[in-house]
Amino acid sequence: MAIRIFAILFSTFVFGTFAHAQEGMRERSDWRKFFSEFQAKGTIVVADERQTDRVILVFDQVRSEKRYSPASTFKIPHTLFALDAGAARDEFQVFRWDGIKRSFAAHNQDQDLRSAMRNSTVWIYELFAKEIGEDKARRYLKQIDYGNADPSTSNGDYWIDGNLAIAAQEQIAFLRKLYHNELPFRVEHQRLVKDLMIVEAGRNWILRAKTGWEGRIGWWVGWVEWPTGPVFFALNIDTPNRMDDLFKREAIVRAILRSIEALPPNPAVNSDAAR
């Protein structure tokens, strides 16, 4: 009898919690117009925490649960890994350019963590990955519950060409932990990474974000901080026209955030087109 009562109570708790979570998620099919305006196919998840009750808004919920390569959005957790493992000391450490000419001119010079994040300097993170190693990277990924937590690769960087994959919904969960300093890393390291993520700011708001692109899929993830609370976002879109499609990531997100007053009208658009 006791077992049966426990089972009933457990089922009630689990399904009640699930139902409550679902009640907080709203499909915004009307946001299709923002994707159509730029002839883009994709998904966006917005978690608005400016009120007491968090509201999760999503366009294309099915796609928002599908995992893709994180590309350079992975620089957010990867920087935490590097700091924790000692591959990077702080934001002032200079990493000397190896002299190899790469396709992005901004990559062909000495770097620090701030420039590496801003310019999506891949070779810096390749150095970090080599020093950290696959086994330790896997442990880190599992500790932060990041996507499929698989850093294996047969060719290329595991966060671009390898097996690591994450869904837009999972990006939001990770970003929330970072915002609240709830990741298993030193608080000062989490604060530093958030500082590196700043894209722009106004009198009473701050936009922190990171782009990503692996050739077929483009990302923009981050959040806007307001005095009343943060608004998290994670967008991914198909990029059949490759670099010609990259501006659409920020354009769509900004239009959607402005539509719910999570960004001021027509703020300056950052032109980051790195992957």
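Cβ coordinates come from backbone N, Cα and C, glycine included.
Listed features, source Swiss-Prot:
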type	residues	note
ACT_SITE	S72	active site, acyl-ester intermediate
BINDING	K210, T211, G212	substrate binding site
MOD_RES	K75	N6-carboxylysine
SIGNAL	1-21	signal peptide
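Sorted by the number of other CB atoms within 10 A, the recorded positions S72, T211 start with T211, the lowest. Put simply, the residue listed as 'N6-carboxylysine' is 8 Å from K210 (substrate binding site) when counted between their Cα atoms.
Applying an 8 A CB threshold to same-chain residues 6+ apart, the list for the residue listed as 'N6-carboxylysine' reads A116, M117, S120, Y125, K210. Distance between Cα atoms for the residue listed as 'active site, acyl-ester intermediate' and G212 (substrate binding site): 4 Å, as a whole number. K210 (substrate binding site) has a Cβ environment of 27 other Cβ atoms inside 10 Å.
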